[in-house]
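**Q** From TrEMBL, here are the annotated features:
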{"type": "TRANSMEM", "residues": "38-57", "note": "transmembrane segment"}
{"type": "TRANSMEM", "residues": "77-104", "note": "transmembrane segment"}
{"type": "TRANSMEM", "residues": "143-161", "note": "transmembrane segment"}
{"type": "TRANSMEM", "residues": "173-193", "note": "transmembrane segment"}
{"type": "TRANSMEM", "residues": "205-223", "note": "transmembrane segment"}
{"type": "TRANSMEM", "residues": "229-249", "note": "transmembrane segment"}
{"type": "DOMAIN", "residues": "247-368", "note": "domain 'FAD-binding FR-type'"}
{"type": "TRANSMEM", "residues": "356-379", "note": "transmembrane segment"}
{"type": "REGION", "residues": "413-455", "note": "region 'Disordered'"}
{"type": "COMPBIAS", "residues": "414-425", "note": "compositional bias 'Basic and acidic residues'"}
Amino acid sequence: MKTGDTGTYIHFDSRHEAGEHGSGDHHHSSTHYINVKFGYYLFFLSIAHAIAIWAYHRVFFQRPRKPSLGFSALPWVNFPLVLSVGAWLAISLAILCYSGAYAIAIKRFGRLSYALVPFDIFLALRPNIPPIPYLSTLDLHKWVSRLIILYGLMHGIGYLVKWGLEGVFGKTFLLLNLLGLVVFILFIPLLVISARYFRRKYYRTFYALHNITLFVFLGLITFHARPGVLFFTSLSVLLLIYQVFCRVFRVCTVQNVEIISSDYSSLLIARISKPTDYHYFPGDHLRLTYSPTNFKAWIFPTHPYTIASFPDEPYIDLVLRSPSSFYLGSDCQYSISYSYTTMNLSGLKHAKSVHLVAGGTGISFILPVAKLLLSWGVFFSTTWVTRNKYDLHILKALNVKGNIDTYITGATEKQNKTSDPEEAHGLMSSAESENVELEDLSATKEEKPSGSSLKFGRPPLKDILNYLTEGDVSKNWVITAGPHSLVSEIETWGKLNGVGVLSELYEM
Ligand SMILES: Cc1cc2nc3c(=O)[nH]c(=O)nc-3n(C[C@H](O)[C@H](O)[C@H](O)COP(=O)(O)OP(=O)(O)OC[C@H]3O[C@@H](n4cnc5c(N)ncnc54)[C@H](O)[C@@H]3O)c2cc1C
Ligand code: HEM
């Protein structure tokens, strides 16, 4: 077959089609290696991107930025996501369109998919190479992964259609081609369950399928791809070895976790004696899981929890939602990772006014940050939105002093005990909150720090934050932590009003 634009003579790749890998046939068609260079092009571009991300964090982690250029969630540390994903899409499509020949293009889809894997694993590394906070690259990881899956699927569909039309569908079931088919089949449910809605609902299933697909993909494509892809596999495996190393050696084993709970409350505190030489900054989080000797630590996902206590305290307090599918008891050994910093808060030393807004368990981020602001003499106010009036017990247990304006959004026992995580953080529609009846507050009065206010219903956030839009807004900030609905509402408000928003989203 001859392509009109390049004038190259192109034959369908007999080795790939016949599955003759390693058969000792040294005669290759003229197109057998034609795609290899494109894999390397993409790989070198991904290295350039990794270096750019690193350099970007090196520069911007030092100072805060206003979210004016679309740098959302973490304004000063987020490498622009839309730009990155858009560029990857454009580059990959350009490479794909370089030769219009169908047989070569579908083959190239497969190579491009695999060439992006080392970069994709790099984006998910935990910890990443300093100063890249691992959470800041996770969104890009999700999109690059989708690109990988999409290209893998196009590659598979391309061959299925081609062989179907040529009447040689049986080639699909030759051993080396079959390996590709297994990955193709796994990609479809992973693509579906990785959508935010399903991922949140079935996180454990997502995680299991994610990791199974990762290992099957790396293993099988190493044999399936012709010409070979050992270079990409070796790099990916090295990165995964580093990841396993961190999960075994960059952790502390803890036991006798003290659980502080209260009847009817949807929040509890897990108090852990601070291991010697365990250091962290206010607002840092850790990853909690079973000890590495427990097989569950390797099957189930690890849990990110923000450290609610201040670094000078003798224990590590975590605020957790209850009930949870993650069993936490004083009879079991757990492992905690070293701490992870996601934000550089030092720029706030010069802030004029800061408003802290927590949704549900988001209070774990807000409390230590409030103490930090207090130590710097920065003016701040705090609003906490939670579902359940009994949740106030954690303020007492954490020995919170100072003003916290708390909004209780759940009015009934049914609302207090909800299984929906977004709801459980205490956010509901305004219509719902209008019908909330004021209840007897006597049960909670003693839990409430003196000087704090306690209200029922959804907080009028725009009114509450309005004072930040006056005067020199560049010195005013909102810091928010918790569920997606709260964080995105405040980020939108910040963009509209030119007020900087720093957010810690409590979801992956
Ligand atoms: C940076 C960061 C800090 C966080 N800090 C806190 C905190 O201080 N207190 C707190 O209660 N929560 C915090 N979270 C959220 C918390 O990690 C998850 O809600 C928790 O792991 C859920 O575990 P579960 O067994 O109770 O989940 P489930 O009850 O099974 O699920 C509840 C929700 O949590 C999500 N989820 C489940 N497992 C995980 C996991 N391993 N990692 C991430 N999300 C998961 C699910 O999508 C679902 O929406 C934080 C999340 C992040 C990303
Ligand atoms: C072929 C595709 C993919 C590859 C190669 C890949 C690779 C990885 C790796 C190596 C990790 C670290 C695992 C760990 O530490 O336990 C990871 C984590 C993660 N990946 Fe992927 N992934 C892929 C697809 C996806 C998709 C499609 C999504 C969602 C849209 C996704 C979301 C995540 C998340 C949220 C984490 C963090 C898990 C945690 O920290 O607990 N991945 N990925």
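Placement of Cβ uses the backbone N, Cα and C atoms for every residue, glycine included.
Here the structure is a predicted model, which means the values were calculated and not measured.
Can you tell me where each of these features sits in this structure?
**A** Within its own chain, the transmembrane segment (143-161) has Cβ neighbours under 8 Å at 81, 84-85, 88-89, 92, 102, 105-107, 109-110, 112-114, 116-117, 119-120, 123, 169, 172, 177, 180-181, 183-184, 187-188, 190-191, 194, 217, counting only residues six or more beyond its boundaries.
Long-range Cβ contacts of the transmembrane segment (173-193) within its own chain (Cβ-Cβ under 8 Å, at least 6 residues beyond either end) map to 16, 18-19, 21, 110, 146, 149-150, 152-153, 155-156, 159, 199, 202, 205-206, 209-210, 212-213, 216-217, 220-221, 223-224, 226.
Beyond its flanks by at least six residues, the transmembrane segment (205-223) meets 21, 114, 117, 152, 176, 179-180, 182-183, 186-187, 189-190, 193-194, 198-199, 229-230, 233, 236-237, 240, 299-301 of its own chain at Cβ-Cβ distances under 8 Å.
Listed as Cβ neighbours of the transmembrane segment (356-379) (distance under 8 Å, sequence separation of 6 or more from its ends, same chain) are residues 266-267, 282-283, 305-311, 317-321, 345, 348-349, 385-387, 391, 394, 398, 400, 402, 424-427, 461, 465, 478-483, 485-487, 490, 504, 506.
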**Q** State the non-local partners of the transmembrane segment (38-57) in its own chain: residues 6+ outside its ends, Cβ under 8 Å from one of its Cβ atoms.
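**A** For the transmembrane segment (38-57), the sequence-distant neighbours (Cβ-Cβ under 8 Å, at least 6 residues beyond its ends) are 77, 79, 84, 91-92, 95, 98, 108, 111-112, 114-116, 118-119, 122, 129, 131-133, 136-137, 140, 229, 232.
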**Q** For the domain 'FAD-binding FR-type' (247-368), what's the model's average pLDDT?
**A** 93
